[in-house]
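Step one of this worksheet: look at the structure below.
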């Protein structure tokens, strides 16, 4: 029996090779990724605790920020620990099922983050264009429902794709030239016609993320038009200031995603190690930047974090 037939009947684990051509520098490469992961854990945890414990932050906009922090925690934790294991311990092996579970989490929470960013743009649209109706249109329960709806739609879309991919026959070569189970690298190992899964994944990505980005662009065009009609320069600046942090997060998310996707799809356009490092950065840098952006730009989040840190430091100082 051939190796490909054996692998199709008894799935073998995959091997993650890290950064191709730079294996001798793995320890050094791991340092920035470790630092960004620690900062992502601390920053997003602080945002979650600040929003959760401060009742004054139990409003739709801050609920969306908390959702984003939770997504970033799940998103980065699904990837970085295994990545560091490859860099530090040469722990390259990842089980067949574990590989697809990791891929499921990456795809799912990427799309969920896109959905939450859409909900946040609609929140800003209502707050600026229909301020008198804001409290009736958007409430905290509705914000939570929007987040759950975004999660449900992506799970419903990703489950059939994962079912398709796990039932493909995989060849004897099981080496993934990445630090995680990157979609294109994994399906490239399949000994089967990949056209159906490619069409499904491309169609769903275009439908979900493409639709989200189109609605986000439309909402901000409408917001900009409404802001330009405000009578005073100060009112225009104040209105735009409430959108600044959200726009920065959108740019980081979509520009990084498009760059990473372009490099993975057109492999001839760049060296393999560049593709891997860009893909790894996309999975680690935004989760670190998002809490910093909101912590700097949103004064209420700043106040909530300071209050939380004061409460944590209070018992220690009293004990001392």
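Using the three backbone atoms N, Cα and C, a Cβ is placed for every residue, glycine included.
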Feature transmembrane segment in TrEMBL, mapped to one of the ranges 168-191, 240-263: 240-263
Where TrEMBL places transmembrane segment among the ranges 61-80, 281-300: 61-80
Range from 61-80, 100-122, 205-228, 240-263 with the greatest count of C-beta pairs under 8 A to the transmembrane segment (25-49): 61-80
Tertiary contacts of the transmembrane segment (143-165) (same chain, 6+ residues out, Cβ under 8 Å): 60, 63-64, 67, 100, 103-104, 107-109, 111-112, 114-116, 118-119, 123, 186-187, 190, 196-197, 200-201, 204, 208
